[in-house]
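Everything below concerns the one structure shown next.
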Amino acid sequence: MPIKVLSSLDVARTQWYHFKAIIVAGMGLFTDAYDLFCIAPVMKMISHVYYNGDSINTAVLSTSYAIALLGTATGQLVFGYLGDRVGRRRVYGLCLIIMILSSFGCGFSVCTTRRSCVMVSLGFFRFFLGLGIGGDYPLSATIMSEFANKRTRGAFIAAVFSMQGLGILVSSAVTMAVCVAFKRSGGGLEVDAAAPTEADLAWRLILMIGALPAALTFYWRMLMPETARYTALVENNIVQAAKDMQRVMSRSHISDEATTDPPPPPPPPSYKLFSRCFFRLHGRDLFAASFNWFLVDIVFYTSNLLLSHIFSHYSKKPSTAENVYDAAFEVAELGAIIAACSTIPGYWFTVYFIDKIGRVKIQIMGFFFMAVIYLVAGIPYSWYWSKHEHNNKGFMVLYGLVFFFCNFGPNTTTFIIPAEHFPARFRSTCHGISGAAGKLGAIVGTVGFLWATKKMESDDKNQIYPEVNRMRIAFLILGGVCIAGILVTYFFTKETMGRSLEENEHDQDNNAESEDEPQIVDGQSSVSTLLQTR
């Protein structure tokens, strides 16, 4: 009986509720991207306000970037686990509340000692901001995968993730608008060491605006019912699952497919998380999802840091002509160009092709083309690209393709695959583990890049700079990371296109039974039991 109810999800036509779920779930990813990527121009403004235009100390800068990523990794682990323990819906709203409060907290990072105390306060609130952002990752992916039908599930999850591209674009647009407005109001018109006092308000305003999209969707997120798969397979409440599906899918006959008797107590799971049986059944999938996410985030976050330094290196604008607003505007403008020309198209190419050619092929293709681009840019960098200014546009276009193939490739598929591989009672937890591994890769790429490119000058000041040999080495290392991603994907990642979430678990349980494991024979998984009712 339960399998009939869940089959209704897999064969359901695309309805308005699917698009509503994309918007509600995607707005969390929109907020995530806004908050994580607005920090680059904000740190540029802080360097003028609190450091008199000098580069921020490398230790402070790397900590500022890493603290939110560390919070994100923590949130993915904690809220991913809670999503399986107490339900997706109950935890979903809590993540949004944390993001809203932390965004406002970042804007109110004030203290009498100014520089040091403000940075500590900002880091404190950005950790909790990352905590909420991290929780949103596994919950958004899991909720969308469990609501979607199997024909277009990949496109729906990719559409949710594509809201990150819009978040990056809006983050850049808001930053540019704030900079223009404050500059025209009279502050920062001249090039001087001391930034106007209004600039201290400008960067705070940019951070606090990030709370608005989350606040606007909080009401709609609270109206979302629990997913039918969690209710049916984890709570074993088939009647409630049918009622929830009837509410959102406009199918009155769904409730007739469910029994009207009180639901029996849920059967004990045949194996526990991180048990020997779990690793035998799902260890390969968890390794592939986690390691691929780790690799792609090294590339993605390092590429974003390299971006501003590469383009400023090729830019003909004199660096001495920047004031506090121009400095932040230039960084935001660059982010907007990349988002509009490379990042967003990459996301939507994935939305269109993900259910046509599959997750694995797109992931391998993305890693492959990124590896080619990095090697083509890296091998001749010291003797060609760095010495031929007439090719600067060609180099910028080439480097922009990295972001296209990253998003029409592993950056999106690593978000999708963990939401499809694992049983319902472990799905959110395993997605959180995979995402946390990715954020550890982001920390490695971010902190490693900042320290690898640190330069000590005669006046003992630190600054980041595109030194030729180190840039070449960075490109070659990133190319090698992409090649590693190809190998891990090819040998360890399994395709999930066109298959229901239950079919994936059913096949794995059948494999376990064929090996005559007493643990599986004595207690089958809940999905295997449901499938036998056909």
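Cβ atoms are placed via backbone N, Cα and C, with glycine included.
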With Swiss-Prot as the source, do V178 and F426 lie on the same side of the membrane? no
Determine which residues of the chain contact the transmembrane segment (62-82) at the Cβ level, with the cut-off under 8 Å and only residues 6 or more beyond its ends counted. 35-36, 39, 43, 56, 91, 94-95, 119, 122-123, 126-139, 301, 428-433, 435-436, 439-440, 442-443, 446-447, 450-451
What is the three-state DSSP composition of the topological domain 'Cytoplasmic' (145-153), stated as helix, strand and coil residue counts? 4 helix, 0 strand, 5 coil
Which residues of the same chain, at least 6 past either end of the transmembrane segment (200-220), have a Cβ under 8 Å from a Cβ in it? 20, 23-24, 27-28, 30-31, 34-35, 38, 41-42, 45-46, 49, 93, 96-97, 99-100, 103-104, 106-109, 167, 171, 174-175, 178-179, 182, 325, 328
At a C-beta cut-off of under 8 Å, are there same-chain residues at least 6 beyond the topological domain 'Cytoplasmic' (418-431) that contact it? List them, or none. 76, 79-81, 83-84, 88, 137-139, 141-142, 144-146, 153, 157, 229-230, 233-234, 269, 273, 278, 282, 285-286, 289, 293, 494, 496, 501, 504-505, 525-527
Averaged over the topological domain 'Cytoplasmic' (221-281), what pLDDT does the predicted model reach? 73
